[in-house]
Structures are given as structure tokens and as C-alpha cells.
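According to TrEMBL, the features are:
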- A:41-64: transmembrane segment (TRANSMEM)
- A:94-323: domain 'ABC transmembrane type-1' (DOMAIN)
- A:98-120: transmembrane segment (TRANSMEM)
- A:132-152: transmembrane segment (TRANSMEM)
- A:164-183: transmembrane segment (TRANSMEM)
- A:203-222: transmembrane segment (TRANSMEM)
- A:243-262: transmembrane segment (TRANSMEM)
- A:307-327: transmembrane segment (TRANSMEM)
């Protein structure tokens, strides 16, 4: 530092002004440095994040057929919203989405919590192997596993119906399962009354392991002495789970449930593949994202699709908002 | 098996019967989780006649090579695999660069608009991707990127979760004194980031790489709307399309599905611990 100062003092005047100028340039570059580092984010997010949101507002007041080019865009005011909001199929698909989200979501968390509690009661090695197994579906592609489930659900030759047939006709099991025989072949994905359950099961199967791992990690942060103290006070296994583990797990539950709500409300891949992308708009298995895809890319009505996206966004925001309002303070409070 | 109960709290008071029930329950869970994968692999060795006989078959058949020939015949399978791999790999590498740059900037520099950028990032994490799907499709069409792989990975290279993750790692693992020293030695800001910060961020980069690769490999919705020619399609798309052809050769399709799962399962088996902690790192900090 001192060396530099001496050098500056010794330099002649014109050299010095040059240095001041280059210093200014340098300072300008330096002041800009953070923005240079952030420029990829600013450019890409601006293009694919901010612009789309505003464009969606604009588009939802227009009709537009993407095949006919940008010129075919026409202002229609609130017509898209009016049409969408009075479209019974929209509410039907909305209800389907909520039903599947709640069914698969509730099952996921109700199974994952006790499973995680059992898991952490094991030794480290057993815990590791079991969580590796449970987590596997989360890593694999939704499309691939949905293809496999599509085959498993097949009415004539799927393993599920074949297994049920075996149970229904088996000499040892027919007394308990014989009644299933009269419903065969069961169209798990063809029967409108069953399809929601079939889709929900795949969603449950895919994500339950993820929640188990999160809850196990949460439970392992709990100090063992707390359990010990509760035990000394005479708390049973169930009571320790209910009064020690569960309250301390709240921030984890809060986080995991938030992810489930946001993810499940946008469910697309599973129902799309399980129904071969061909189901009727009035089917019970059609989620709102599937419907949105159909409106935009198959019926080529982008304006209405934009309006539907906004409606979906508002519904997701309402659900998450409601959830945050109901549980947010507790959930986050546990973190402190 | 029971010596696995290393935790002394639980050893006491659990009877043998209870342990058996516990293990039966846990292993049933494993069975239910693994079974579909096993089943997919098993059907890959069957052809239509054995698959669609109504008899209960639980054995491997001998149609594997026929199925493979069929698979190659009905779709450009390896091109699809290559496309998926290319998209996942390039997208991951670019996102490592961009996310670490942004995370570094947010951790190291003080500048105007920082809190605004923070707020925008947090809000954008709550934005459902389906909402921006239509404009995404439009922009991609408008700049002539339809049916290109670039369009599929580009929007995902600035994952806000990844940026926050990187920021956390910079704060936690790079001492400010080190950066000051580099500056005094005359290293430029980019040079400091590239040669000093980046090597220290390796564990964070590995975590982010896992998250991004898994996401990009499995992504379906964006390719579905962007990629239209068969030679550009990713593997998930190609497999999905096979549902639509008449008399689908399911044995071949199951073979393709199983092969398409294998790369990720291999990576997973080698580094399951890191992958699990990476993919759940949003929750467990």
C-alpha cells in the first residue's frame, strides 16, 4: 500500500491524469462488477420469467391461434375470462386436480411421518439402505414410471388385476377376496369412478419416499435427551411421538406440505401418460394442467389458455396463502 | 439382522415380535417401491403373446433381443437417449456457471438493487412453471428456437434455488480475508471468482449438479411443447408417443423405459447419499 502511494507521488503530471482516467474506468467496471455477475440471471429471467408474466396478462385479453401467426391476435376484453369461468369443464378439472392433490397428498404425509419415525429408530446402516430404496421413485422419470404403471393397471393382463384374480380364485384366499371376482376386469384407468384413485396412487408412490427422507432428517435433528426426559416422565412410545417429535417437526412438515400443495396443483405428467393424453375433457382424471395443455396446444386457443393459467395461479396462490395463514406462523415459529 | 438396532434407546422395551412386525412393515414398503421397476424389466423380456395371456406370469421370458430389435425399429431410441443426455449435461454445466456467478455476486458484493433482486428471486420460486408455459413457447418460437435443444435447457439454467444454494456455500466456505488478499494481489473480480471461489465451492456445485441433472433428464412438459421432430425428441417423449401407435409392442416399450431409467439409477446407486441430501437440501439446511 505504502509503495503504491509513493509511486503516485513521484509520477509527472500528465502521467498522473492518465492514471486518474484509467482509475475512473476501472472504478466504473468495478462498480458494475456485481451486475456483470448477475447479467445471466437478469437476461434469462427477464426473458423467460418477467416478460412472460406481463405477456400473459396481455394475452389473456386476446384471442390468438399460434399456428396462424402473431397477426391473428385480436383484442376481446374479458371474454376469455368470462368463457373460462363459465366453462363447466374448467371447474370439473379444477375439482379433479384438488381431489387428486388432497388424496395423494394426505396419503403421502400420513404414511411418511410414521415411516420416518420407524426409520430413525433403526441403526444408521439400515436407515441408509431403507431410505435409499424409498427415495428411488423420486429420482426416476415420471413419464417412465407412469408408463410402467399404465401397463400394471391394464384391465385384462395387468399384474394388479391378475394378482386380484389370483386372490379371488385361490383356494386359501377366496373366502376373503372372492367378491372381487364379480368386478373383473377392473378398468383402473378406464372407469371414470376409479381413475382419480389410480392416478393418486402413482403420485403417492412417487413422492412418499421424498417426504420420508425429509421427515427422517427432521426427526434426527431432535435431541435424544428430550425423548429420554419424556420417557422418564412416563410417556409411552405413542405419546413421545405425539408430544415430543411432532411439535419439533413442525417446520419440516410445513415445508414438505407446501411443496406438495404447489406440486400437486400443477400435476401434469402422471395423468397425461396414464390416460395416454387422450381422455375426454369431462373425465375425472383430467387435471387443470392437462386441460390447459389441451386448450392451448390441441384446440389452439392460446388466449383462453392464458386466462386458465391465471385462474390456476390464483387458485394455487389462494391455497398456499390459506395454508400459510393457517399454519405459517406455527410452522416457521418452530424454526426459531 | 437385529444388531442393526444400534440405537440403545430403542433396543430396550421392543420385543422380538414387535421388531418382526416393524421389519415386515418396512420391507413391505421396500417391495412396493421396487416392484414397478422390477416389473418393467421383467416385461422387457416378454412379447405380446406371453404378456397378454391372462395367466399370471412372474418369470423372465426370452424375447429380450427381439424386443430390442423392435425397439430400434419403432423409434430412434439411442438418438432420444443422446438428446436427453445432451440436454441434461449442457444444461447442468451452464447452470453451474450461472448459478455460482449469481450466488457469488449476492454473497460477496454490496450493490444497489440487491434486495430487489433477492425479493424477485424468492417470488419467482413461487411462480408455477405452467403459468409461463405459453409465453415461453411464444418467445421460443419468436426467436426461432423451436425444435432446438437450447430452448429446452436455457430457461432452467438460472434456477433460483441453485443461486441461493451457491450463495449459502460462498458465505459458509469462503473467508472474506481470502478474497481481500486476492484483490490486493491485483486479481480481477472475475479472476477471483474463477480461480479462488469456484474451486472452494466444489461440494455445493456437486449438489446443484445432481439437482439439475435429475430435473433436466426427467423433464417432460417443456420438450413436449417445443420439440416436434422425431430426431430432436428426448427419450421420455419418444416413449410416451409409443402409447399412441396401434398394437403397441409393449415388450419393446418396456425395454426402452427400463433402459431410460438405468443411467439415473446407476448414478443413484453410486452416490445415493449425496443425491438424497442434494435433492432434499431445500428442506434440510
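Glycine is treated like the rest: Cβ placed from N, Cα and C.
Against the transmembrane segment (A:243-262), stretch A:203-222 has more CB pairs under 8 A than any other of A:41-64, A:98-120, A:132-152, A:164-183, A:203-222. Under the criterion of 3 or more C-beta pairs below 8 Å, with sequence separation of 6 or more, the transmembrane segment (A:307-327) and the transmembrane segment (A:41-64) qualify as touching. If you look at the transmembrane segment (A:203-222), the same-chain residues 6 or more away from its ends with a CB under 8 A from one of its CBs are 100, 103-104, 107-109, 111-113, 115-117, 119-120, 127, 131, 133-138, 142, 145, 149, 244-245, 248-249, 251-253, 255-256, 260, 263-264, 267, 270. Within the same chain, residues 127, 130-131, 134, 196-197, 199-201, 203-204, 207-208, 211-216, 218-220, 241, 245-246, 249, 253, 256-257, 260-261, 264-265, 267, 271, 285, 287 sit at least 6 positions outside the transmembrane segment (A:98-120) and bring their C-beta atoms closer than 8 Å to a C-beta of that stretch.
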